[in-house]
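Structure provided below as structure tokens; questions to follow.
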Amino acid sequence: QEGQPIYLAVKGVVFDVTSGKEFYGKGAPYNALAGKDSTRGVAKMSLDPADLTHDIAGLTEEELKSLDDTFNHVYKAKYPIVGYTSRRILNEDGSPNLDFKPEDQPHFSITDEF
């Protein structure tokens, strides 16, 4: 919706990609990634609806490296983290994931965002 922030998740990390609305906004080339955890699509460089999921099962070593590179050098480098998906902070049974640690993003501060 016009005037609303644009969010997408990669590896369970939710990014505010509103500043890249020419890429992720309505009618933009990567709009299919917005509003969901599109980890698999990012790894495979795919906009196929079947790939727009968090599931990384069966990805090749090359796809996993591409995912990590894009996650670190595009999303974490350019867009502020605004949250995490439940899969990232909870175990499958709904209990807290005691191994959860927030992503480090030192070039953004909360005052920059609000």
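The backbone N, Cα and C atoms fix where each Cβ goes, and this holds for glycine too.
What you are looking at is a predicted structure, and each value in this text was computed from that prediction instead of being measured.
The annotation domain 'Cytochrome b5 heme-binding' is assigned in TrEMBL to 3-86. Residues annotated as region 'Disordered' in TrEMBL: 94-114.
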Grab the pLDDT values for the domain 'Cytochrome b5 heme-binding' (3-86) and give me their mean, rounded.
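Within the domain 'Cytochrome b5 heme-binding' (3-86), the model's average pLDDT equals 96.
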With DSSP helix as H/G/I and strand as E/B, how many residues of the domain 'Cytochrome b5 heme-binding' (3-86) fall in helix, strand and coil?
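Counting residues per DSSP class in the domain 'Cytochrome b5 heme-binding' (3-86), I get 38 helix, 13 strand, 33 coil.
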